[in-house]
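Peer 1: What follows is a structure written as C-alpha cells; I'll ask about it next.
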Amino acid sequence: MPAPCNCIETNVCICDTGCSGEGCRCGDACKCSGADCKCSGCKVVCKCSGRCECGKGCTGPSTCKCAPGCSCK
C-alpha cells in the first residue's frame, strides 16, 4: 500500500503541512493554493481577484504579483 502522501501513486493531492516528510511525492498535476503545501513537487497556484493576471515566479501569497488594484489570494 502506498504512503498516503505519495500523490503520484495515490492520485490524491494533499495540500497541507501533514505531508512534509518521507514518502511525499507530488506530480505536476498537484496544484495547491497558498503556501501551505509542503509536498515536494507540488505546484502552488497563484490567484488574483477579478480578471487580473498573476505574475511569473509566483510560489505563494508572498511572491504573488498581481496587476495594480488587484489583491492576491
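Here the Cβ of each residue, glycine as well, is placed from N, Cα and C on the backbone.
Copying in the features that Swiss-Prot gives for the protein in this structure:
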BINDING   C15, C19, C32, C37  Cd(2+) 1 binding site
BINDING   C19, C24, C39, C42  Cd(2+) 2 binding site
BINDING   C26, C30, C32, C42  Cd(2+) 3 binding site
BINDING   C46, C58, C64, C72  Cd(2+) 4 binding site
BINDING   C48, C52, C54, C58  Cd(2+) 5 binding site
BINDING   C54, C66, C70, C72  Cd(2+) 6 binding site
Peer 1: Is it possible to get the count of other C-beta atoms within 10 angstroms of the C-beta of C32 (Cd(2+) 1 binding site)?
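Peer 2: Total other Cβ atoms inside 10 Å, all chains included: 19.
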Peer 1: Taking the Cβ of each of the binding-site residues and counting other Cβ atoms inside 10 Å, which one has the highest number: C26, C30?
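Peer 2: Most Cβ neighbours within 10 Å: C26.
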Peer 1: Determine, to the nearest whole angstrom, how far the Cα atom of C26 (Cd(2+) 3 binding site) is from the Cα atom of C32 (Cd(2+) 1 binding site).
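Peer 2: On Cα coordinates alone, these residues lie 11 Å apart.
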Peer 1: Which secondary structure state does DSSP assign to C32 (Cd(2+) 1 binding site), in the simple three-class scheme?
Peer 2: strand
